[in-house]
Ligand SMILES: [Zn+2]
């Protein structure tokens, strides 16, 4: 079906309507947090481990809570849990039982909810009026592999729809049951994984709005080479997807990518680019990218708003200072409309 704006109409619109209400309550824009794993490292965590930031759920939950709080103090409306690389399979390979692994997943949501409660309490003399939301992160199968394939989308023989659905199913259910406000499918590297997520959202009957966020390294395709337009069309067709966007991608590509997404969906668009550096999976370090300079990250924010993005934050190597600057630049007006935060 083609709507009045010329794009195919969303398959039902419940989740998108929920996100729009939050955006409205935030004064027309919502600020997302910045890089979590890289900020944990900046705070001294050693994440050289297949579990990456999820390692902190075991070793230093207080640090995760601190970084969430730093982002809230910087003006973030949305904090993303430390479950990006947390999987039942990953915990089991470290010797945890299935039950313990599920508890660790749920713990990522609990820590973020605790940070929100602490933040709201801290500001109870002048109560916070804008929404503060917890998004449960689901990283790709490639993130679990920890071999850089979330930046190639190449899963070899494991790359079948049924395999990916089976891989993510229980994790999605456990995270949804832990009570986040949103489910964040982040850094989606290929079309097949987007399709797997859509089918799981329906089959598991998830009632929490999800977002789909893809990553690109050329400004046209997502990292596997699949067409962003096709991927965004898949997201658009799912009533449980409340927002579609791009993360962990250099800022200089974002303008064109938003325009592509806009061609196929009216759902809210979210953007949280990385600092513009590139991750070298072999060396396990971020290296400065060559070519077009990224300039000052925040100088792009107005342009992205004009392009139609309504949720804006940062991904790897962005910091609470980046988020403070984004928040200032959006000049977020705190609406008098107050939505329940949980
Ligand atoms: Zn990132």
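Note: Cβ is positioned from N, Cα and C throughout, glycine not excepted.
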Can you tell which of 238, 248 TrEMBL lists as binding Zn(2+) with 315, 316?
248
Please work out which residue of 248, 316 has the most C-beta neighbours within 10 angstroms of its C-beta, and give that one of the binding-site residues.
248
Would you count the other CB atoms within 10 A of the CB of residue 315 (Zn(2+) binding site), including those on all shown protein chains?
27
Enumerate the residues of the same chain, 248, 315, 316 excluded, that satisfy the criterion Cβ within 8 A of the mean position of the Cβ atoms of the recorded Zn(2+) site; list them in sequence order.
35, 38, 187, 215, 247, 249, 272, 273, 274, 275, 314, 317, 318
